[in-house]
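Student: Before I ask anything, here is the structure I am working with.
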């Protein structure tokens with residue numbers, strides 16, 4: 001893109017350039033058939049561990065989790081419904097290939113739960129675009145007042161295309177390029193400083209763009225979020241953030257560059273799939289200590305940015321998990337006591353439970369010791385089980401004949417890898433060929449991590465509207481799309 005390659009020579013706003021890339025809104029067809037150096041003493045290195053937190057939150061109740069009830073439900077007749085619309089009917093109308101199906105009303109309900117929790121607190125709900133980067137979903141979240149958390153230059157460009165207010169956007173990352181930082185400076189987004197070289201690049205970007213950059217310092221709090229190591233981002237071994245014993249160096253550097261940098265806050269990020277909200281309070285207590293010290297050195301910081309996402313009930317086992325209200329209540333008084341603006345970065349908890357990945361059964365087989373349901377979807381479209389050994393609930397969309405044997409299956413795809421599975425040892429009725437099968441809670445880190453391995457093309461996406469009608473919100477990729485990368489070579 002010309003807008004990308006010419007940043008350094010063209011410091012003017014990129015918005016006008018991006019307009020030529022606006023998607024044709026009419027191309028997303030509507031289907032009418034169904035109604036993110038000082039003299040002061042060095043700061044003491046502090047460490048907190050969630051496992052020994054003394055600030056336990058109130059007991060969670062099933063009522064507190066009501067905002068996150070599942071939008072996909074089985075009826076007494078054995079059919080799966082999304083917002084009252086039968087999934088089997090949708091399968092019979094759309095393209096005969098795997099697809100992602102969302103509930104637009106559930107996206108709204110999830111965001112409203114955060115907005116309700118944040119009442120009385122100056123805040124920004126920064127949706128983590130990495131969780132799901134569908135443009136139509138971004139536009140919907142923006143229309144509901146969401147900000148955006150970005151971890152790449154292209155996510156920043158997409159946020160601008162979706163109409164997000166740049167002053168409600170936060171640019172994270174441990175390897176931000178100079179070109180992307182120039183764009184961030186031009187547009188006025190917040191930038192979280194991750195390292196010494198990152199700060200130097202932000203200073204250079206400010207000089208190129210001619211604009212002062214609002215920055216927050218990403219401090220690694222060394223908090224144990226008790227999650228999968230691949231999604232833990234706030235412990236001492238993480239590649240992200242500033243070591244707290246180095247904080248004074250960064251404060252001195254910001255003071256040395258008053259034209260380029262304005263320090264407005266502090267940031268930490270804990271990880272993903274967090275189910276113990278005391279971790280957030282432990283981190284907030286530590287971050288407040290840092291903010292108090294930063295203010296004592298003359299900085300007028302007004303933002304506390306706590307990143308890290310709530311977990312969800314992937315097992316569909318009735319687990320009572322913390323809600324946005326539970327989360328915010330752990331830090332509310334701390335934030336208010338320091339007159340801070342709170343920035344949070346939900347991704348998974350906003351979008352995961354709004355979607356399922358819909359597949360067709362190609363056939364059933366056995367190797368003598370293990371049974372397999374082979375489907376047309378695969379690790380190419382949904383890699384979480386293969387990559388993280390993650391569990392996502394699987395079920396059939398319609399009832400099977402009474403005589404269908406119920407047994408344990410591995411649910412696998414057609415990709416030429418033994419790691420190509422969506423679920424292992426799942427007890428299911430033996431499905432007939434062509435039956436519909438869904439992988440639940442597929443709204444986050446599924447489509448955004450999809451690939452074209454084995455030339456499996458990325459699938460289409462649809463959502464169920466408030467009135468029950470179905471809208472295509474992303475076209476399927478095709479073989480012709482793949483060939484375009486080689487045109488003129």
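The backbone N, Cα and C atoms fix where each Cβ goes, and this holds for glycine too.
Model, not experiment: these values are computed from the prediction.
Annotations for this protein, taken from Swiss-Prot, read as follows:
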- 416: active site, proton donor (ACT_SITE)
- 309, 345, 346, 347, 348, 445: pyridoxal 5'-phosphate binding site (BINDING)
- 348, 384, 388, 417, 445: substrate binding site (BINDING)
- 51: N-acetylalanine (MOD_RES)
- 130: N6-(pyridoxal phosphate)lysine (MOD_RES)
- 1-50: transit peptide (TRANSIT)
Student: Considering all pairs of residues in 309, 345, 346, 347, 348, 445, annotated in the record as contacting pyridoxal 5'-phosphate, what is the maximal C-alpha distance expressed in whole angstrom?
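Tutor: In whole numbers, the farthest two Cα atoms are 15 Å apart.
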Student: In angstrom units, rounded to an integer, how far apart are the Cα atoms of residue 445 (pyridoxal 5'-phosphate binding site) and residue 388 (substrate binding site)?
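Tutor: For residue 445 (pyridoxal 5'-phosphate binding site) versus residue 388 (substrate binding site), the Cα atoms are 11 Å apart.
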Student: Please report the distance from the Cα of residue 417 (substrate binding site) to the Cα of residue 309 (pyridoxal 5'-phosphate binding site), rounded to the nearest angstrom.
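Tutor: Between the alpha carbons of residue 417 (substrate binding site) and residue 309 (pyridoxal 5'-phosphate binding site) there are 31 Å.
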Student: Quick check: of the recorded positions listed here (130, 384, 388, 416), which one has the Cα closest to that of residue 348 (pyridoxal 5'-phosphate binding site)?
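Tutor: Of the recorded positions 130, 384, 388, 416, 130 has its Cα closest to that of residue 348 (pyridoxal 5'-phosphate binding site).
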Student: Show me the subset of 130, 384, 388, 416 whose Cα is within 10 Å of residue 347 (pyridoxal 5'-phosphate binding site); these are the recorded positions I mean.
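Tutor: So far as Cα distances go, the recorded positions lying within 10 Å of residue 347 (pyridoxal 5'-phosphate binding site) are 130.
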Student: Which of these recorded positions is closest to residue 309 (pyridoxal 5'-phosphate binding site) if you go by CA atoms: 130, 384, 388, 416?
Tutor: 130
Student: Find, among the recorded positions listed as 130, 348, 384, the one whose Cβ has the highest number of other Cβ atoms within 10 Å in the structure shown.
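Tutor: Checking each of 130, 348, 384, the winner is 348.
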Student: Pick the one among the binding-site residues 388, 445 whose Cβ has the fewest other Cβ atoms within 10 Å in this structure.
Tutor: 388
Student: I'd like to confirm something. Which of the recorded positions, 130, 384, 388, 416, has a Cα closest to the Cα of residue 345 (pyridoxal 5'-phosphate binding site)?
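Tutor: So, of the listed recorded positions, the one sitting closest to residue 345 (pyridoxal 5'-phosphate binding site) is 130.
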Student: Who sits close to the residue listed as 'active site, proton donor': which same-chain residues at least 6 apart have their Cβ under 8 Å from its Cβ?
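Tutor: Same-chain residues close to the residue listed as 'active site, proton donor' (Cβ under 8 Å, separated by 6 or more) are 454.
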Student: Spatially, and counting Cα to Cα, which of the recorded positions is closest to residue 346 (pyridoxal 5'-phosphate binding site)? Options: 130, 384, 388.
Tutor: 130
Student: 10 Å Cβ neighbour count around residue 309 (pyridoxal 5'-phosphate binding site)?
Tutor: 27
